[in-house]
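Working notes, structure below.
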């Protein structure tokens, strides 16, 4: 592979893992970390943060090994399964094991497709274009489809304007003659009607493509020779060949998700507890994002906070659930924008902080708050790594590239978080001062997010990190208040940059963690959806649209919408609970997820039952002495979190 090909692969393939890692980690830290520094200060935070960083690095590498062994175990079980007799054909390049020591097709010999005896129903066949090439990166394909959709919509508008009798059409048939609508020739009446119906059908196919989780399974629209003989066109004919509809769906069920990992590697009594813990951890993180995102949009657009919560929640929920297959490339692009904005924000805020230079008080006895928030600020990778792992080919090069991408994403987040906390402490005081009523008459009272009175006794509390922690505000709220009012109002442009960044950051993070939640819910639904049930619930007899909108997919959508409705309900009922939910609920569930369940999984894949697998990338033998650090660190965090919760409620 040449230098140009390597650079293209890094930019188009591994960069997605890098940016998704940043999107999953960066959001929580920039919002909650500075608020927890009101007591501890900067140096205790650095100590706890660096320790957490090294433990998270161990988590990345050990969890990648867990994912590899779980995948090969599923492949092995698939090969050994001979209870069903209907074959499913898979081309070599469709296998995630292609090129690895577990290349299933090479073991069969010859060039024939491998056959898995896995599904009871005979696979349905569709016609696909022979000119399709398989790409490891979906970015060129996404760009192509965006251009295609825009051209089709323009065609539809042209037809709608040109032919007023569009509402009278009764038949809408399948066709691929989109370019007919752009041919500047005179049409006969019946040709005109056909062209309109063909474009309408094309729009329907686009909707099916967007709703389908596996775009490669959506058949291209083909010319109907019987219907299109009379249409004037210069488009050349295309040859077609046959492929099977289940080619990717069956093999994808071998790819691990968080639910299937629990079913495979945990004792029976812990499997349901693990799935519940994962869902609760993701729910808490999404609730905090819903509250933080609503606050950010409220501060920027002056929309009532309570009215903003449902708008934010349901907009991104529908994007996650119904546009799931498009999210990862989009997240990569938006995360690049987010990182650029954040870097600019940190630099500008640091410059402002050098002029303000707030004194910082360090207290190591208050390191607990920073410790708990650090586990949240650098957590979240375990929830998205299975989703990214599904994009890999099982080769040494790709596994190493995946590990390096995630590691670099985590390291980038650590550096940006440290600089961000430093800049916030330089601008925002740790504690409030009491402004006298005389000063209050001359000072413009800052925007109050919750519409509550800021008067405590006979004074108004100045913006501070401690005040924001008590009010459940994100760290950018006091920063914006200070920069937009009083003696620092000439830095108002910095406030706008910060708010723009926060909106982008939280939106991307909500999509990322929402995708992880949706991916887990899909795994739960799939675990109860056997091939027999798939055949029994088939809706194909009702029309071609149900080739893609299956009962299983509808069940996944309904389950996801129900879970996301819980996020909305809790956010609406506790609008001041941002810091409380992050520091107590989210940190507890996430630390249990890693400290208890991941530790069991790491131990399980280290046993003799899993040691015979030859992995594309194997950790060195000495690294296994380090795996004990993970349960010690995170279980200590669990016990400290419980102690912190009890102490808070006993006060």
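Cβ from N, Cα, C; glycine included.
Nobody curates TrEMBL annotations by hand; they come from automatic prediction.
Copied from TrEMBL, the annotated features are:
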- 17-37: transmembrane segment (TRANSMEM)
- 44-63: transmembrane segment (TRANSMEM)
- 142-163: transmembrane segment (TRANSMEM)
- 273-292: transmembrane segment (TRANSMEM)
- 304-323: transmembrane segment (TRANSMEM)
- 330-351: transmembrane segment (TRANSMEM)
- 371-390: transmembrane segment (TRANSMEM)
- 402-425: transmembrane segment (TRANSMEM)
- 490-512: transmembrane segment (TRANSMEM)
- 554-573: transmembrane segment (TRANSMEM)
- 624-646: transmembrane segment (TRANSMEM)
Hey, which bits of the same chain come close to the transmembrane segment (273-292), Cβ under 8 Å, at least six residues off its ends?
27-28, 31-32, 258-259, 262, 266, 309, 312-313, 376, 380, 383, 472, 474, 502, 506, 509-510, 513-514, 516-517, 520-521, 524, 563-564, 566-568, 570-571, 575, 577-578, 581-582, 585-586, 589-590, 592-593, 597
Stretch of maximal Cβ-Cβ contact with the transmembrane segment (490-512) [cut-off: under 8 Å; candidates 17-37, 330-351, 371-390, 402-425, 624-646]:
330-351
Top Cβ-contact partner of the transmembrane segment (304-323) among 17-37, 44-63, 371-390, 554-573 (pairs under 8 Å):
554-573
With the cut-off at Cβ under 8 Å and a gap of six or more residues from its ends, the chain residues touching the transmembrane segment (330-351) are 15-16, 19-20, 22-23, 26, 30, 412, 416, 419-420, 422-424, 426-427, 479, 494, 497-498, 500-501, 504-505, 507-508, 511-512, 515
Other than its close neighbours in sequence, what residues sit by the transmembrane segment (371-390), given a CB gap under 8 Å and a spacing of at least six beyond its ends?
16-17, 20-21, 24-25, 28-29, 32-33, 36, 45, 48-49, 52-53, 56, 59-60, 63-64, 67, 71, 96, 252, 255-258, 261, 278, 281-282, 285, 328, 402, 406, 410, 413-414, 417, 512-513, 515-517, 519-520, 582-583, 586-587, 590-591, 593-594, 598, 634, 637, 640-641, 644
Can you tell me which parts of the same chain pack against the transmembrane segment (44-63), counting only residues 6+ beyond its ends and a CB-CB cutoff under 8 A?
33, 36-37, 362-364, 366-367, 370-371, 374-375, 377-379, 381-382, 385, 403, 406-407, 410-411, 414, 417-418, 421, 594, 598, 601-602, 619, 623, 626-627, 629-630, 633-634
